[in-house]
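To start, the structure itself, in structure tokens.
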């Protein structure tokens, strides 16, 4: 099994991005799966262009995109990506699309095809906080998740794809009182646990367990 992992460069005034720092620490093989990690720019469309190049060349069985969600308290596999860019802040090249479809020929939304509930369970078993998230936002994270599912559907129809948000690293919240954070080793360990679940559930349906929210 081949798994493509992506991590964004720093954005929004941050000097580091835990997504990129964590994937740099991943081993080349996890649970028998070949792991390829790539950096993507926090830029609308350009991030998808980089991803497309690697999907076409690597032909992965699964794509897991990782992104920073400052303020979240645990690792959060995303359930759905919507066909809409609505940027609260500019991306790293100054683009700030508002109410703009990501793909004119795409679906209104794509659901993750990764085993998100099994991923949460595996992260819990590793002793770390995790939950299913029902919104990936409307910035570049949602953009890339949507594009990943669109591209996999087009170029690797038998592959699975999805996205997982992770918290700030400890050093990012030194000047952010009462903001949740996690140390880098634990973030990396959580990502590895999620990858274990992706491999384990390659040929079977996701777990049936509560993962919803009331609001």
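Even glycines carry a Cβ here, placed using N, Cα and C.
Over in Swiss-Prot, the protein carries these features:
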type     : residues : note
ACT_SITE : 78       : active site
ACT_SITE : 141      : active site
ACT_SITE : 165      : active site
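In this structure, the CA atom of residue 78 (active site) is 7 Å away from the CA atom of residue 165 (active site). It is 8 Å from the Cα atom of residue 141 (active site) to that of residue 165 (active site). Counting every protein chain shown, the Cβ of residue 165 (active site) has 23 other Cβ atoms within 10 Å.
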